[in-house]
Amino acid sequence: MNETTPLLLRAARGEHVERPPVWMMRQAGRYMKVYRDLRDNHPSFRERSENPDLSYEISMQPFTAFQPDGVILFSDILTPLPGMGINFDIVESKGPLINDPIRSLKQVKDLKPLQPEESMSFVGEVLGRLRESVGNKAAVLGFVGAPWTLAAYVVEGKSSKNYAVIKAMAFQEPELLHQLLNHFAESIANYLSYQIQSGAQVVQMFDSWAGQLSPQDYDEFAAPYQQKVVNLVKEKHPDTPMILYISGSAGVLERMGQTGVDIVSLDWTVDMADGLKRLPQSVGVQGNVDPGLLFGTPDAIRSRIVDVVKKAKGRKHILNLGHGILPGTPEENARVFFEAGKNVNELIKVSS
């Protein structure tokens, strides 16, 4: 066993590992009492995610509690926007609000190139502190929102159920949208490189809303910009594993595997065995336990983890949920998830 490289990083690189590493999307958050207590004292989400002391403390909360194999930066996919000249706020229970939605060519042309070391130095500070704190016990993960999802937020101005405004732009003014997406792709690639230089060992790109696109529109408005981000980052950091996650990805799974990422994160609506058949052998998988299962019994959680891990055997696999952990999830069930992931080899023997 290689003691000097974290398990998750070895797995993401495709090295032989003793078990799949385990972490959870949104593992730092509202389901944890320590987070809710901190939130009561610091009610502004932007303060919690942009104050380096708070972001560091929150990022470390699940590591202190559960010792996952990955520690992800506590931040938000919209955090880079002010550095490009787009102001936003996150309102509890309502989500993000963009003060001045991007709807015109002038607004796109007025956007600033992102210089993360100037506008987001707090991110670099937190990542460096996380690396120092967890050492080789866990891999430090960075993340970004993909261009389509960022565009969906800034064009709509808020979360949306049907994405009518950005789809109207896509089908009426496609060149305008392409300019916006290209700006985001270049800025996000720059931001990811900054995260890697600051200490992130694995990075994940969330294209949360790309699952709202038809396959042909995914090919035009999402995939090329995912690929551009991957290519720009890999030019500078060829050895840093990259993960792509899309919520509701069943219709575009094969396309995700062609973007150049190292790992595709599956949501829980795709059976792990089926998902593997639909992806190239060289592409690893992450996932894909239904987060709703964590409201169930410990035995149900263990049984599903065994099922997922057995189906992924022989491929590079990172055990995770198929979406972020849900608010209200019992903390003890999160503990069961992590412990079952770490003891999965024994659980598989018992189940055979």
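Note: Cβ is positioned from N, Cα and C throughout, glycine not excepted.
Among the features that Swiss-Prot reports, substrate binding site is placed at ARG26, GLN27, ALA28, GLY29, ARG30, ASP76, TYR153, SER208, HIS323, with the record citing sequence analysis. Note on TYR153 (substrate binding site): other Cβ atoms within 10 Å of its Cβ, all shown chains, come to 26. Following the DSSP three-state reduction, the secondary structure of TYR153 (substrate binding site) is helix.
Annotated site 'Transition state stabilizer' per Swiss-Prot: ASP76, in sequence order. Of all the Cβ atoms in the protein chains shown, 18 others lie within 10 Å of the Cβ of ASP76 (site 'Transition state stabilizer'). Taken residue by residue with DSSP, ASP76 (site 'Transition state stabilizer') is part of neither helix nor strand, so it is coil.
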Exercise for review: Within 10 Å of the Cβ of ALA28 (substrate binding site), how many other Cβ atoms can you find? Include all protein chains, please.
Suggested key: 25
Revision key, fill the gap. Rounded Cα distance, in Å, between HIS323 (substrate binding site) and ASP76 (site 'Transition state stabilizer') is 15
Practice item. Work out how many Å separate TYR153 (substrate binding site) and ASP76 (site 'Transition state stabilizer') at their Cα atoms, rounded off. Key: 12
Check your understanding: Of ARG26, ARG30, HIS323, which of the binding-site residues has the most Cβ neighbours inside 10 Å?
Key -> HIS323
**Study point:** Integer Å distance between the CA atoms belonging to ASP76 (site 'Transition state stabilizer') and ALA28 (substrate binding site)
**Key:** 12
